[in-house]
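This report concerns only the one structure given below.
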Amino acid sequence: MSGVTTFLTRRRGGRFWHWTDIVSWLWLVGGLVIMFGPAVWLVGSSFKTPAQLAEFPPTILPYVSQQASVEGHDKPLTLYRVKQADGSTKVMAEVRRIGIVAQMVDPKAPKDIIKVNIADRQPVREIGFATGNYTEPFVHFDFMRYLRNSVFVTAMATLITLLTNSMAAFALSKYKFRGRDLTMLLIVGTLMVPLSVILVPLYSVVSAVGLLDSLWGVILPTVATPTGVFLLRQYMLTIPDELLDAARMDNASEWQIYWRIVLPLAAPALAVLAIFSVVWRWNDFLWPLVVLSRKELYTLQVGLNTYAGQLNVQWHYILAMTVVTMIPVVLVFVFLQRYITSGIAGTGLK
Amino acid sequence: MTAVATLKTWTGAALAAPVVWLASIVNVPLKWWQRATGTGGMAAFFLAPNMAIFGIFVLVPLVINFFYSATSGTAYFLQDRTYVGLEQYQRLLDCGNYLDTATCREDLFWKAVHNTGLFVLVQVALLTVVSMITALILNREIVGRSFWRAVFFFPVLLSPVVTGLIWRWILQRQGLLNLIVHDLGGDPYNWLTDRFWAFTAAVSVSVWAHMGFYTLILLAGLQAIPRDLYEAAEMDGTKPARGFWRITLPLLMPNLLVVIVLALIRAVQIFDEVYVLTGGGPGTSTLYLTQYIYEIGFASLLRNPGLASAASILMGLVLVVLTLLQLQVGRRGERKGARE
């Protein structure tokens, strides 16, 4: 027995468990629960019916009340397990409820209505998923439109960011011209100009150029990211100039050099920027909130916040739509997390 | 080649075709431009789109913000507004006692300043300590390090709205936290309607959402510390705790300072997740500066864009000081790195 324990607790390097190892593992497992737990709880809750969401204490898994159609009633009736006078239980269907007394029938003998105190019964439930939470918001609310708007904003902003940032980075890394250092300084200097500092004047500028209440008004102010220019320029500096000169010898135009040589070689950096940009634009909240006032133009984030801010919050829909909003980011996390972490570790930028 | 791979290649080619075609079309006028202006003109061409967008949507707002803060009225166009000089700033700074918001003319602004100050202090301290502990643990010889690193990074990617809603759902009356409290024998509580707990929630949720980012920076710093330093210390009989204070902390200092300053800069601007979580409430207990700017500038009935703009410039000044501090810290870190 002691041999097994020794084997299980043996560590690499031949040392035995130190108290710091136990603390470390507790911290990591605790971290796993705290970091993923809330999201898992959200997904679980999003499959519950409104009645179940209002219950306390909440159940971990989603349940659905069983229903049955009973002769003489048009709608299916909810089934309950009723405790009877002799202590046995019996499954019955509820016809209607008045105060604390429910009128119930035995599905096998639908004629006789029996009065039951609601304290003496429990709904018959099975694990089930209220998938309507996911399908109904797309039909009854504007969530399909919000989703489309978010996809449009994210895709367009990312494409324009990649194009304009890489062009600027190309000029700043491969040409010598007057004012180059000044331009670079200007870009890096505004790296730290946050949206909240220029919120009011930016709004007036966007309204002056006629982009208020349009998705382009959401897209354009975000695309000239200093982070992107900086990241791409640092990468392009590592591409040898000799390669460009060789292409010039072969009569390639400057545009062709940019398009056919530098862009393909900068693909890894472009990929990192693309991933960043998708996450940024998908998650943007304050700026779309300010610039969009027509409801049909809302992005998912703004739409979610609006529905969640109403007096009578329909949590079953909100939770499901929160999960939908989370999906692209979870996909990025599962498949592309590596690129982001290496991007951050390399540049210290987010 | 399998059928799937062939299909992929063809779809890729079909999707790329219009882009390639467009690029070759663009090439024709650009050749003319290149012949007319030389490479200098080409540099201008490549810079133009980015700098135009950058100029219109970053530089121009930055400059007109100062004019904006010197005007009054509810109109958004500068020409429709009346010049009032420094009146907005006077109004913001008009205070009998800066520690008592009731004596201030713009008591809401000062409430936001006080709240933000307290939030920044507590959040940055907690964030730094938690990230540091996590980075130290991830730097040990643990099985599956990249998995654990990813675990702590997950919330960083979530949108602030999603983060806010997840936690609002957990902290509400029928929520997960009350389930735990109930199972431990306590009574359910409305956490977000209590001043103290709403503040605690705002701090904890923002730490939860951002700690993965700072952990990464610290971990990169820790991994750059040469192992043989510790081996040498161990041979000299140095205790691990002493090793931490004498080796790890001094060598990690540049990264730690960058983390603290970055966290400060972010914390001053805190908005999204707290706004979704608490809406600034209960009362004004979690109202922070960015929310004040947003509400005075756009949302409230007493809309006053000039005042919001003046407040944003004051906040900007704090951020400029912090950014300069960061550059200073970064440069010192670089010099230190070069020496070693």
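From the backbone N, Cα and C atoms, a Cβ is placed for every residue, glycine too.
Any TrEMBL annotation is an automated prediction that lacks curation.
According to TrEMBL, the transmembrane segment annotation covers A:21-43 (among others).
Look at TrEMBL and you will find A:147-336 tagged as domain 'ABC transmembrane type-1'.
Positions annotated as transmembrane segment by TrEMBL: A:151-172 (among others). Remote same-chain partners of the transmembrane segment (A:151-172), defined as residues 6 or more beyond its termini with a Cβ less than 8 Å from a stretch Cβ, comprise 180, 183-184, 187, 215, 218-220, 222-225, 228-229, 232-233, 235-236, 258, 262-263, 266, 270, 273-274, 277-278, 281-282, 284, 288, 299, 328.
Proximity of distant same-chain residues to the transmembrane segment (A:184-203), defined by a Cβ-Cβ separation under 8 Å and at least 6 residues beyond the stretch ends, is recorded for 168, 172, 212, 221, 226-227, 229-230, 233, 286-287, 290-291. The transmembrane segment annotation in TrEMBL covers A:184-203 (among others).
Summarising the annotation, TrEMBL assigns transmembrane segment to A:215-236 (among others).
Here TrEMBL flags A:257-280 (among others) as transmembrane segment. Remote same-chain residues near the transmembrane segment (A:257-280) are listed as 154, 157-158, 161-162, 165-167, 169-170, 174, 222, 225, 227-228, 231-232, 234-236, 239, 243-244, 247-248, 328-329, 332, 336, 339-340, 342-343, 350 (criterion: CB distance under 8 Å, separation of at least six residues from the stretch ends).
What TrEMBL lists as transmembrane segment is A:315-336 (among others). Beyond the ends of the transmembrane segment (A:315-336), by six or more residues, the same chain brings 39, 42-43, 45-46, 48-50, 53, 130, 133-134, 136-137, 141, 143, 147, 150, 154, 275, 278-279, 282-283, 300-301, 303-304, 307-308 to within a C-beta distance below 8 angstroms of the stretch.
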Tertiary contacts of the transmembrane segment (A:215-236), defined by C-beta under 8 angstroms and 6+ residue spacing from its ends, are 149, 152-153, 156-157, 160-162, 164-166, 168-170, 172-174, 184, 187-188, 190-191, 202, 206, 262, 266, 268-270, 272-273, 276-277, 280-281, 284, 287-288, 291-292, 297, 299, 343, 347, 349
